[in-house]
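Residues or ranges marked as domain 'Orn/DAP/Arg decarboxylase 2 N-terminal' by TrEMBL: 29-274. Residues or ranges marked as N6-(pyridoxal phosphate)lysine by TrEMBL: K50. Here TrEMBL flags G229, E267, L268, G269, R270, Y366 as pyridoxal 5'-phosphate binding site. Sequence annotations record features per position, and here TrEMBL assigns substrate binding site to R270, R306, Y310, E338, Y366.
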Amino acid sequence: MSYFDSTLLTQFEGLETPFYYYNLDLLQETLSAAKAAADKRNFHVHYALKANFNPRVLEMVQAQGFGADCVSGNEVSKAIEVGFPASQITFAGVGKSDKEIRTALKHEIFAFNVESIQEMEIIDELAGEIGIRANVSLRINPNVDAKTHQYITTGLDENKFGLPNSELERAASVLRNCKNVDLVGLHFHIGSQITDMNVFKSLCVKVNEWKNWFEERGTQIRVLNVGGGLGVDYYGPDANPIADFETYFDIFDRFLERTPNQEVHFELGRALVAQCGSLISKVLYIKSGVKKNFLILDAGMTELMRPMLYQAYHKIEKVGASAEAEKANYDVVGPICESTDAFGKEVALPVSKRGDLIAIRTAGAYAEVMASSYNLRDEIRYFYAHQGQHDLVAP
Ligand SMILES: *Cc1c(COP(=O)(O)O)cnc(C)c1O
């Protein structure tokens, strides 16, 4: 049985489409489950803001007591603005501008995740100018294959992220000469939408190795930040609405070697927010091509870009359809003037007509945040469902 049944069809009647639908009850359940599983093991979780910074989503994540993981100066400012404590904010990214570094320095965030030796020297210099000390974690590229889509793999030697192993000796020596920088930890983030739990075991092995490497050289490591990447079930949003946080954290608990006062930090994005969001769109036209039937929606890559950017799969459903409805195969496409503007090819859907509503599921992460105004499209709307209350927010 789909979540988007005839009850929701009634609720959506007369609403202007497209819009993001956020199930805030599911979000709350997910956040509580993650928080409980982390707290039990004394783990710290930073929420990766880039996954979704919709106002109410962000408010709920903050209220749950997570820290924030930012990848731009504006995200740092946003995190502060919505109430994340500066002492729980990390800042990663291969290309931090001077302006962004100054912003983060002024807020005295918890730590910069430093991705190159040159960046470390610049942070040292800018911190010196302002007259404060900066905490840094070294982002190490551990050369672990995340076994996810190549476009969202970040921890291999050929990826641009983090310090390659060959540079660590030099990084450690440069660090000793930096007068305004303190090393607090090691940072790793190997990719996203990781569903093979063995990948996280391999990561633990690498983290242990590098931690020992530093400790053997007399450098104490307070924080082991293992990044994010926990995947969700794009094929079964109703069967598996909440990621398996217990199993995930348990792997790190069992396989990471820690001294008693060493902290373990995580940066979860997708697993916290992906399943609470869906994109609701209306069928504009049905076009029967030479070889294909096209279902043309009023939403496209300007509202949800993941299928076009990463060849990502999203489950597509007709809102309020009965399970027995007769099916047909459609290429589900958007209105944007690009051939890649398709959500799915040869999708079996209940026979549809102009005006029917379509739900594109698992669109809470890396979705609304990537909306663009290409083709001068309208700004995106969103609809919140929370404890029997609904709210459509239009721009
Ligand atoms: C994007 C990102 C994350 C979050 O990744 P998810 O796969 O969404 O959990 C964590 N850390 C860093 C450094 C990132 O860039």
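Cβ atoms here come from the backbone N, Cα and C positions, even for glycine.
These figures come from a predicted structure and were not determined experimentally.
Annotated features, which come from TrEMBL, shown on the structure.
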residue: K50; record: N6-(pyridoxal phosphate)lysine; CB count, 10 Å: 18
residue: G229; record: pyridoxal 5'-phosphate binding site; CB count, 10 Å: 30
residue: E267; record: pyridoxal 5'-phosphate binding site; CB count, 10 Å: 27
residue: L268; record: pyridoxal 5'-phosphate binding site; CB count, 10 Å: 24
residue: G269; record: pyridoxal 5'-phosphate binding site; CB count, 10 Å: 23
residue: R270; record: pyridoxal 5'-phosphate binding site; CB count, 10 Å: 24
residue: R306; record: substrate binding site; CB count, 10 Å: 21
residue: Y310; record: substrate binding site; CB count, 10 Å: 16
residue: E338; record: substrate binding site; CB count, 10 Å: 14
residue: Y366; record: pyridoxal 5'-phosphate binding site; CB count, 10 Å: 24
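By the rule that a residue counts when its Cβ sits under 6 Å from some atom of ligand 1, the binding-site residues E267, R270, Y366 yield E267, R270. Geometry remark: L268 (pyridoxal 5'-phosphate binding site) versus the residue listed as 'N6-(pyridoxal phosphate)lysine', CA distance 10 Å. When the recorded positions K50, R306, Y310, E338 are ranked by how far their Cα is from the Cα of R270 (pyridoxal 5'-phosphate binding site), K50 comes first. When the recorded positions K50, R306, Y310, E338 are ranked by how far their Cα is from the Cα of E267 (pyridoxal 5'-phosphate binding site), K50 comes first. Each residue contributes its Cα atom, and for E338 (substrate binding site) and Y366 (pyridoxal 5'-phosphate binding site) those atoms are 20 Å apart.
The shortest Cα-Cα distance between R306 (substrate binding site) and any of the recorded positions K50, G229, G269, Y366 is the one to Y366. Here Y366 (pyridoxal 5'-phosphate binding site) is positioned 11 angstrom away from Y310 (substrate binding site), judged by their C-alpha atoms.
Across the fold, the C-alpha of Y366 (pyridoxal 5'-phosphate binding site) and the C-alpha of K50 (N6-(pyridoxal phosphate)lysine) stand 7 Å from each other. In this structure the C-alpha atoms belonging to K50 (N6-(pyridoxal phosphate)lysine) and G229 (pyridoxal 5'-phosphate binding site) are separated by 13 Å.
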